[in-house]
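Undergrad: Sending over a structure as structure tokens; questions will come in a sec.
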Amino acid sequence: MSEPVKVCVTGAAGQIAYSLLYSIAKGDVFGSDQPIILTLLDIAPMEGVLNGVVMELMDCAMPLLKEVIPTCDEKVAFKDIDAAFLVGAMPRREGMERKDLLAANIKIFKSQGGALDTVAKKTVKVVVVGNPANTNALICSKYAPSIPKENFSCLTRLDQNRAQAQIAARLGIPNSAVSNVIIWGNHSSTQFPDVRHAKAIVNGKTVPVPEAVKDDNYLKNEFLTTVQKRGGEVIKARKLSSAMSAAKATADHMRDWWFGTQGDNWVSMGVFSTGAYGIPEGIMYSYPVRIANKQWKIVEGLEINDFAREKMDLTAKELCEERAMAEEICNQ
Ligand code: NAD
Ligand code: LMR
């Protein structure tokens, strides 16, 4: 067996972590033969709950889990880690937009950026899940200047999975028969779920999704708003934000970063923009990426029509506004 990887999950006493920790510890993310050391970060008032989670992890008797380190100290949690799942943050409640969480959550990511900078490995791979995920990831990276910007990302895989599942249900085919759905922009209601380049396997033949769906009006309207508003619908129904599906998407995101994407396929993740597809530089924008050797690369050359351009710019504008708000809060 190889050396253990050291992995931190923040918000470890919360809803998402409860599903995510099991998935990581049983090998879904880093491989079924990869030993793991888990560090679990939460805040002091949650210490008792965190200890309960530690007991349950122990009671799972997982072969890969070598050690569990619960802590309320960021520098203990991030010491020499290879991967970070930054989940810990306040979730929104019914009637809120995710950016309403900026004031409450952004300082968590400023502080954790600083701690990562000081004690984590410079190769650490960071996925930010806590909302507003894109802007939190941007701030985290800003306060960790010694770690490459490419090592920070935010979760839009849940939106991708939602979009893929909607198309599969519409066509009556398995989820695995739909690929290359794209989420552009912010993990918010301005995101642009784009299936213009997606593929579906229908009756054994691979066809472009628009050709298979045969309903442009559905793809430009109902499909779009269903995916954009899905998080809010789950909150309305559960009175809590999505947790099982968020944990699954988080695991998908890191697994693909760790092991790479398959063949010609791509996945969407929020990454630091340097201007690709005419998007402003210096925001965390969700793009289609291919991954090899733990390095992501934005898929180039996809055709962008007027409809897509407008949607992509709208969500970029929101991210620029969030960045300005976040910087103001951080400078206070
Ligand atoms: P939760 O309230 O169940 O758990 C959050 C945990 O974070 C709590 O245990 C809390 O004590 C902890 N926490 C708060 N501040 C912390 C800090 N400074 N350091 C470490 N831990 C801290 O919430 P949840 O349902 O697990 O959701 C967590 C976050 O993920 C929310 O912001 C939610 O909106 C977001 N989310 C994002 C996506 C996505 O796709 N990006 C999907 C679902 C949820
Ligand atoms: C989601 O998409 O389910 C999460 O971001 C939670 C939320 O606030 O919508």
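Any Cβ shown, glycine's included, is placed from N, Cα and C.
Automatic, uncurated: that is what TrEMBL annotation is.
Taken from TrEMBL, the feature domain 'Lactate/malate dehydrogenase N-terminal' applies to 5-152. TrEMBL lists D42, N105, V129, G130, N131 with the feature NAD(+) binding site. Summarising the annotation, TrEMBL assigns substrate binding site to R92, R98, N131, R162. As annotated by TrEMBL, domain 'Lactate/malate dehydrogenase C-terminal' applies to 156-323. Annotated active site, proton acceptor per TrEMBL: H187, in sequence order.
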Undergrad: Based on Cα distances to R162 (substrate binding site), point out the closest of the recorded positions G130, N131, H187.
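TA: Comparing Cα positions, the candidate nearest R162 (substrate binding site) turns out to be H187.
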Undergrad: Could you give the maximum C-alpha to C-alpha distance in Å for the residues R92, R98, N131, R162 that bind substrate per the record?
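TA: Max span of the substrate binding residues, Cα based, is 19 Å.
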Undergrad: Taking just the CA atoms, what is the gap between V129 (NAD(+) binding site) and R92 (substrate binding site) in Å?
TA: 13
Undergrad: Which residues in the same chain, at least 6 apart in sequence, have a Cβ under 8 Å from the Cβ of D42 (NAD(+) binding site)?
TA: T10, G11, A12, A13, G14, V49, L50, P70, C72, G88
Undergrad: Taking all residues of the domain 'Lactate/malate dehydrogenase N-terminal' (5-152) together, what is their mean pLDDT?
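TA: Computed over the domain 'Lactate/malate dehydrogenase N-terminal' (5-152), the mean pLDDT is 97 on the 0 to 100 scale.
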Undergrad: Which of the binding-site residues listed here (R92, R98, N105) have a Cα atom within 10 Å of the Cα of H187 (active site, proton acceptor)?
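TA: So the list reads R98.
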Undergrad: So among the binding-site residues N105, N131, who's got the most Cβ atoms within 10 Å?
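TA: Sorting the candidates by Cβ neighbours within 10 Å, the top entry is N131.
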Undergrad: From the Cα of G130 (NAD(+) binding site) across to the Cα of R92 (substrate binding site), what is the distance in angstrom?
TA: 10
